């Protein structure tokens, strides 16, 4: 276009319609102030009641997606109305002179412009995906997408047209009626448009040096098509198509507007993106200019056909076709707890023997607790339960609400490890309470006979295929079936071994890890069980001695404990208490070994451990009923939480072969259970897996290690031992706490910081020093007031 042609644009109908009005600067300033004030007031009127229901600084992510989108876009309707009032009131010109300077609205230009831009946007995403300059994740959810679509089709035309009326309409005309050259009305509104978009999250995601030129060039493009077509129709179409595309098809994870797009762009090369956007703009000008002169409605049909063919091809990261995992609404619950959690559940079929996928298969129970945010993060939190033998869909339910600042923005995936819960449980029903109620633990031969019966007659599976490594191959199959990219892991106790195994097998798929109660590589469960348990009990006794109320109530606690064990060793005590399940009077005989095991199990829980001084003192004074009642509760909990078949399938393969045959050396209060474990393992097929942890690699995965100072089974030294394999890690030790602490005190905040930043740098863990166990009970009524 020649220079004189540029100048003729200033004399076209778009500016001629505006020249009839009065555009003195004070009128312009007043109009803009009123427009932005109406936008602000309308936003406040919508946000204020919503904040009362969803009190949060992150309101648009907390509110339901359709409601959040309405709050974000509906206020632009007020800008429409205010501008429609201000033009005749202050400028003595009609609103029609802004909206329709050439007469009728040219719908063909509107649809042409939008269609061409959507095709080019899809092409840009396709090229970025093929070049590896963008990481695209399929994120379609029907329950989010379809409600969002309806609201987007209602409010996005209001928002985009209001912006175009202000920037490409009003401001462009204001600058144009005074300008001597077309560049002034073209560039000035584009610069203002770019600067007002700087607070958007996309600027932080891409970097200001890339985002600002992109916004500015988009403003120039919208301004040029407005001047060239002498109307707003093409700008309306392009802007609306752009916003609908990013909201419905492919958009950045961090976006100013809530979205339910088919694809989430996890990562983007900002330089490549900027270059491709510039190229798309140039192609748009070339195509739109030519098609505008020859556009017919059959052309629109061709554009729509091209669009439906192009969009899926543009982004290759679609979910796996025919995924065997289908999720349905469900309600999770756990035995002994009133907590219920709404989730999406399904079953994934996997071969029992991965080396022979054509033979027997089993089904893995999978539950996904969906993020509540309207703009969830793409990386879920996979939670791995302990034991071995606990089911993730049951073990974590009572604690989920304590991680709400993490789970609000992220899906939580709970997979019952094969052999637990509803994943082909390896359940043994042959064991009875007879020996326990008789005050003694079963002998090695009794254990062997029970487990032999279980293995031969009860287990619905081959124990040799229920190892940690095979279970983590299952976890990877679940990740793929659900279509996730990188994931975050949270493992507790034995679950830390599972997490470390997954990290070793699939390090590229792990974004962050939280290991609570660490089982480090090469460490066998049971190798220092009695030593660690006595150390924990000694710390509890020392803490009682350091607490004035506990010390005054129980001044001879250690001596009373030793005397009690000696007394029960010589003569087990007969005690009658109500059974915790049936309520019937139950007579039990408390022996030293059984009581020692019960006390060891109580020290796992920081909350229950506060009872120990009172329980021991009361029993030493001759009242054994509280101790007996607690003993039955421990038996009940242990029986319902752990699947014995899976417990021994893992230990007999991965731990017992590493234990010394003569048992743990040293003199301790506690019974050496490794003899019973060896007896049980005689009933299981030989399947040593000790080689799995040989030459464990160093893993550059941001990891938070959590230990309780008084943990009786995975002491703080284990966390330090794991650090040599995890150079990018932070280890926190909670004073006085027992086993399992990811939900205690300020620890959920540390978990959130790690997961949000994917780095241990800058995490202030000083708050854990202020964490303390509950005060000790000094009577049946509780702690000292």
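In case you wondered, yes, glycine gets a Cβ from its N, Cα and C as well.
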148-164, 165-181, 182-198 - the one TrEMBL records as transmembrane segment: 182-198
Segment assigned the feature transmembrane segment in TrEMBL (from 1-18, 235-252, 253-270, 271-288): 271-288
Residues flagged as transmembrane segment in TrEMBL, choosing from 300-318, 319-337: 300-318
The domain 'Peptidase S33 tripeptidyl aminopeptidase-like C-terminal' (676-767) [mean pLDDT, rounded to integer]: 93
Two-stretch contact, the domain 'AB hydrolase-1' (380-522) and the domain 'Peptidase S33 tripeptidyl aminopeptidase-like C-terminal' (676-767), at least three Cβ pairs under 8 Å: yes
Helix-strand-coil residue split for the domain 'CAAX prenyl protease 2/Lysostaphin resistance protein A-like' (149-244), DSSP-based: 84 helix, 0 strand, 12 coil
Tally of residues which DSSP labels helix, strand or coil - the domain 'Peptidase S33 tripeptidyl aminopeptidase-like C-terminal' (676-767): 31 helix, 12 strand, 49 coil
